[in-house]
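**Student:** Here's a structure for you.
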Amino acid sequence: MAKRQLNRRQNWRIEKIQGERAARAAKRESRAVEALEGGDLGPEQTGLVIAHFGVQVEIEGLQGELAGQVFRCHLRANLPALVTGDQVVWRPGNQGDGVIVAQLPRSSELCRPDMRGQLKPVAANVDQIVIVFAPLPEPHANLIDRYLVAAEHAGIRPLLLLNKADLIDEQNQVALEALLKVYRQLGYPLLEVSAHQGDGMEQLKKRLDGHVSVFVGQSGVGKSSLVNGLLPGVDTRVGALSELTGKGTHTTTTARLFHFPGGGQLIDSPGIREFGLGHVSRDDVEAGFIEFHDLLGRCRFRDCKHDREPGCALLQALEDGRIQAQRMASYRHILASLPEDDY
């Protein structure tokens, strides 16, 4: 059944209702901020956003006596959207609460489009994106490549992580080895672990120590189990694979930041089945495929689409085996998913 198209008046009414709801929520929050600021607030200091709950955030103090303590803070109305990993300036209250007064500059941000296609940051100040996949649900190179393009576009180092290595068997071993070989040949760091059995977890901890990392990957690949294995006692809820679809159920609803003993931090974000790249251009996608770098600009035609054009450097590299067919298929699939204006 085709999706019903809304007319202009219906769209206007929906936006009006949503705007009124947002205004009421902002007004309530503004009154709470005014009440706090009218009381006995402490001096301004820096803090770290460790979780976001709509109009409020949890922050961890970074200075003085409050360092390491967690506070639920209100947001001033003029602040930009905050995400887990943001560093902020805040003032503490006397009831375990406080007020965020400013956002500090970000060194990086990981973004993706929301349902309306508008760019939305999901984590800040990340310097390592851990792309998690597993034998089950079946890994798809296209989804892995989407994450790699996103990491390259954001300037964040990627780490490929095959979890549930204990589920490798005769039925999936050949396909998995072929998949991993492609990324190893490209020079991407890759680890194989089993959160369930503990295999490879010490090596993973060493990779995470000293970095601000975020785990990404489709539901069911074991991100929550990895957190439980890395940080005993956190008890992130684990969901089983659906017997009907073979896909995972979402178990983490709010992005949270955790600390590792070695000084590194982990942002555990909600699992997603499809990672959109609507905010990137064709040039961004091409730049996200690292094996293309030395070939771009060498085609016969300046506006080459790398499809069927004669003298295409990428097609010649594909024929010569310097570009894997799997990666070229992913590249074309990602381009086809972009808005027409960017294609």
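Glycine too: its Cβ is placed from the backbone N, Cα and C atoms.
The structure displayed is predicted, hence computed values, not measured ones.
Pulled from Swiss-Prot, these are the listed features:
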type: BINDING; residues: ASN163, LYS164, ALA165, ASP166, GLY217, GLN218, SER219, GLY220, VAL221, GLY222, LYS223, SER224, SER225; note: GTP binding site
type: BINDING; residues: CYS299, CYS304, HIS306, CYS312; note: Zn(2+) binding site
type: DOMAIN; residues: 116-275; note: domain 'CP-type G'
**Student:** Measure the Cβ-based neighbour count of CYS304 (Zn(2+) binding site), defined as the other Cβ atoms within 10 Å of its Cβ.
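**Tutor:** Summing over all protein chains shown, CYS304 (Zn(2+) binding site) has 18 other Cβ atoms within 10 Å.
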**Student:** Applying a 10 Å Cβ distance cut-off over all chains shown, what neighbour count does CYS312 (Zn(2+) binding site) have?
**Tutor:** 20
**Student:** What whole-number value in Å do you get for the largest C-alpha pair distance within ASN163, LYS164, ALA165, ASP166, GLY217, GLN218, SER219, GLY220, VAL221, GLY222, LYS223, SER224, SER225, the residues recorded as binding GTP?
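**Tutor:** Comparing all Cα pairs, the maximum is 19 Å.
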**Student:** Give the helix, strand or coil assignment DSSP yields for ALA165 (GTP binding site).
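**Tutor:** It is helical.
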**Student:** Using C-alpha atoms, which one of the binding-site residues ASN163, GLY217, SER219, LYS223 comes nearest to CYS304 (Zn(2+) binding site)?
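**Tutor:** It is GLY217, whose Cα lies nearest.
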**Student:** Of CYS299, HIS306, CYS312, which is closest to VAL221 (GTP binding site) if I measure between C-alpha atoms? They're all binding-site residues.
**Tutor:** HIS306
**Student:** Can you tell which of the binding-site residues (ASN163, SER219) has the fewest other C-beta atoms within 10 angstroms of its C-beta?
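**Tutor:** Result for the binding-site residues ASN163, SER219: minimum number of other Cβ atoms within 10 Å at SER219.
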**Student:** Considering only the binding-site residues CYS299, HIS306, CYS312, which residue has the minimal Cα-Cα separation from GLY217 (GTP binding site)?
**Tutor:** HIS306
**Student:** Between HIS306 (Zn(2+) binding site) and SER219 (GTP binding site), how far is it from one CA atom to the other, in Å?
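**Tutor:** Approximately 33 Å lies between the Cα of HIS306 (Zn(2+) binding site) and that of SER219 (GTP binding site).
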**Student:** Within 10 Å of the Cβ of CYS299 (Zn(2+) binding site), how many other Cβ atoms are there?
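**Tutor:** I get 19 for this one.
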**Student:** Quick check: which same-chain residues outside CYS299, CYS304, HIS306, CYS312 lie with their CB within 8 A of the centre of the Zn(2+) site CB atoms?
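**Tutor:** So the additional residues around the site are ARG300, PHE301, LYS305, ASP307, GLU309, GLY311, ALA313, LEU314, LEU315.
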**Student:** Please identify which of LYS223, HIS306 has the densest Cβ environment, defined as other Cβ atoms within 10 Å, among these binding-site residues.
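**Tutor:** When each Cβ's neighbours within 10 Å are tallied, LYS223 tops the list.
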